[in-house]
Structure formats: structure tokens, C-alpha cells
Amino acid sequence: MPIDSDVEKLRKQVRKAFQMRALTISKEAVEYAVQILVELGGEEQIRWTNKVIAMLLKQKASGPVISFSEFKSAVTECVSNSSSKQESLIHVIDLFTVPRLRYDEQRKALVVVDGQASTIGQSSDAKNLYRERLKLVVQRALRSSAFEHYQLCSIEALLGAPEKASSSVLIGMLTQRSPSVYEIEDLTGVIEVDLKEATFHKGLFTDGCIMMLEGRYVGGVFQVSAVGLAPIESAKITRNFFGVTNWFGGEGTIACGSQIRLRTLCERNDKTRFILMSDVWLDDSRILNAIHELIFAFTDSQLLAFVMCGNFCSQVGTTDAYDRIYDDPSLNSVLPRPPLPFQLFELMRDVPNCSFASNPCRIQYTNHEIVIMRHDLVEKMCRNSIHMPSTTADIPEHFCYTIASVGHLSPLPLHISPVIWQMDSYLTLYPLPDLVVIADKFEHFHYQLENTMFVNPGSFARTDLNFYVYYPASRTVEVCSADQKATEVAE
């Protein structure tokens, strides 16, 4: 029999877990939970509690107070799911099936948006899109240790206070009112900024990008002395604050990165690898021969998946058809994009374990969360940046830092990089995944930030058949070339 102090400790643990999700659990439900938890170990107690909470959120409880009947129903459902099926080690996730998330300022929690997203939204959706991006960055920045010595100021407070000699720090979205006039906008207002004397820190700062500005408010204009990006937060810190609910999509209600069983499976399969390729021209015999050699070379190795990204055609148009046809027969310039129709690949109809994914798409492998997007984003951000790195070699680092700080796959205004308004949260990188693959025709690179690896495999067709190999167990990548001996690659 557990002693009274242990029981009371479990009661507090259960209540605290629910309070972190802005929920209150009834006294009867707490006692029922304690009866179950006393039979489990410490780590298993936390995992089980989080699993039940995730099920309650999925079931959409009637209110913030969880009754005994609702709690017991969630427990029964969790037990049923555990006994009826096992989670797959790898799962390709269609982005259109994942939950839409937003940050609730009142509850200080991530919540699921009700209803099915529509490709045709209302004008208010475009405005809310930017607000939701900004709210995620601001709440993350306020929890950062970097703000222990700084006081974040809102534009509303800045406009309502007299001019002062000391500097203020703003976080907002940069907008360009005219070719020579820039403004910074937050949730409370907008103010003109003067960037002529500003010092730029690491990042690619574009119109529509969320950034930090330090300066003084003088004569109705914010005189900027320094421009930077919001601090980056690791997935571990994010989950410590919001819990281990599976926001990523796919199977399971608990984030795969928080499951020790899956982590152990990944470590056991230490030679498992992913092949990452972009610009795989299927109408080019040279490319097809190279792919054939690679598949043959990896036949006997511990290969998990070939990830092949477009463009899949070497030419974007034909002379005897339309003046221009698009690479994907879908919403070509708008993100996210649905999977390519399977009818285009009838020859592969009988190929097992072949998936045609959305763009972007997500992959779960054991305890790894992987995001893959095919988009020529690097050059687009460089063209629209108000300040460029001193050397071209620094562009990959600045690019990755921007994506991680903004927490979004397309931190550009809608007129430059269109996004389906109600589906913008699908492009959010929060919490940060383990691997982010942005397949871009820009030269290949890889860069690691806060235990997240950013990779651009570059163009397979336009280079010496270069591609990347990713090893999940060691979280490392290797750049390879199909022009090398196939036996060397497969060793």
C-alpha cells in the first residue's frame, strides 16, 4: 500500500499536468487516476497521464473542467487503442490530415482549431494568418532567458509614452509601405521605422518577416540601432512548457520524440538511413540510370526510404501545347499543395510502400519528426531581403536561422509566397522537428540549430548527381554523389 505522502504527491502531479493544458480535473477523476498511477513507475506515470490528456483534447471535452465520466472514457479509449494496434516505426503523413494549431493567449496553450480548413477563405483569414505567426514567436521570446535583461515593449505603449533617451525593444512583422518607407507592426499597432543606421545581426530580413528591433522613438519614427531575430527554442523546451501531446500528426497521441521505446528502437537500428534527393528528372535517361544504380547499390544495406522531390520534368513547357505548363498539375504556386495524382504514375501502381506525399509533407520515424518541402525558397528570400550577409557562403546559415526563429516554412508576404489562408498553420515548425528538408535548387548545404538539422540536398539533375544521406540514430548527414562508385555509397 502506498503511504499517504506518495498518494498526495500523485494527486498534485495529476492536477499540475492538467493545469499546464488550462484544464481542471474533478476530485473523483483525480482519485481514479491515483488508483491507476500507483501501479506504475515514475516515468510511466508521466507518459500515461499525458496520453490520457491528449485523448481528452482529441475528444474535445465539454469544458475546461474534466468530469469523472469524461476522464474514465478517455482512459478506456487509451487502453483500447494500446491493445488493438501498434504504432508504425515509419509513417508518411499527408499534411492535410494534421491538426490545425493556434496559440490561445488566455489559456497560454496550444489549441486545435475546430472545423475543416477550406481552400477558399475569408478576408479575415489573411489577417489572422499573420497574427497567429506573430503570437507564436512573441510567447516563445518572452520565455527566453535572453529577455531576462530586456523589457519587451509594444507599439501601443511606445506611442502612448513620451519620448525617452533609453532604447526600447520591439517584436513585430516588417512591412514595406513604399519603396523607401518601412514599418513594424505588432498586435497593438504599427509604427514607421528608420533602418539607415541599424546594425543587422544573423538572418535574412524580408518584408513579412517577424524580427526584433532595438532603438529609440524620436519624432514619430522608431530609429533602429539593431535588427535581429527572436531567440530559437528547442523542441525539448517547447514540450516542457506545453506538454508532450502529438501536434505533429500521424499515429499516436504522444509526441514520438517523448517515447523512450521508440528512441531505443532508433538506437538499435543505428545503420538505418534516408536518401534525400531533389530535382529528380524522370524524363532524363541519365537520371533514370543513376537512380537504378543507387537502388541496386542499397539493396543489401539498411536503407529505410528514398525521398525524391521534384521537379520531375527537365522542361517546364512544350512547343506543341500551352506556352507554359507547371511542374505539378495542381495549385503550383500556392502552399501547401496536395499529392500528385497517382494516375500520373501508373507504372508504379504495383510498387509496394510507395507514397505520393503532399508538399510539404511530414514523416514520423521511430522518435524522429521529419518535415520535407520542395520549394525554391533560398533565392526568393535573398531577393527580398533588406540586408544580405557579407559573403555568399554565409547564406545557408542565415537562411536556416531565419526559418528556425520565425518557426515557419515560408516567412514571406503572401504576394511573394502565396499560402492557403486557413492552412497556414500546416507550414509552422513548432515545436522544431528533428529534420527539416527544404529541397531547393540552391547549392546543397546542411546546418544544425537547437538539435534540429536543416538540409538542402540541392539539385540532383543539375549537379554531379549529388544527394544527401541522413542517419537518424546519430542525427548526422552525409553528402554523396551517384557518380561515385555505388559500392562506396552502400558500405
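Don't overthink the numbers, they just go from 1 along the chain as shown.
Backbone N, Cα and C define each Cβ position, glycine as well.
Note that TrEMBL annotation is computational and uncurated.
Record features (TrEMBL):
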type: DOMAIN; residues: 8-78; note: domain 'DNA polymerase epsilon subunit B N-terminal'
type: DOMAIN; residues: 327-446; note: domain 'DNA polymerase alpha/delta/epsilon subunit B'
Within the domain 'DNA polymerase epsilon subunit B N-terminal' (8-78), residues counted as helix, strand or coil by DSSP: 52 helix, 4 strand, 15 coil
Rounded mean pLDDT for the residues that make up the domain 'DNA polymerase alpha/delta/epsilon subunit B' (327-446): 89
Three-state composition of the domain 'DNA polymerase alpha/delta/epsilon subunit B' (327-446), taking helix and strand from DSSP: 35 helix, 26 strand, 59 coil
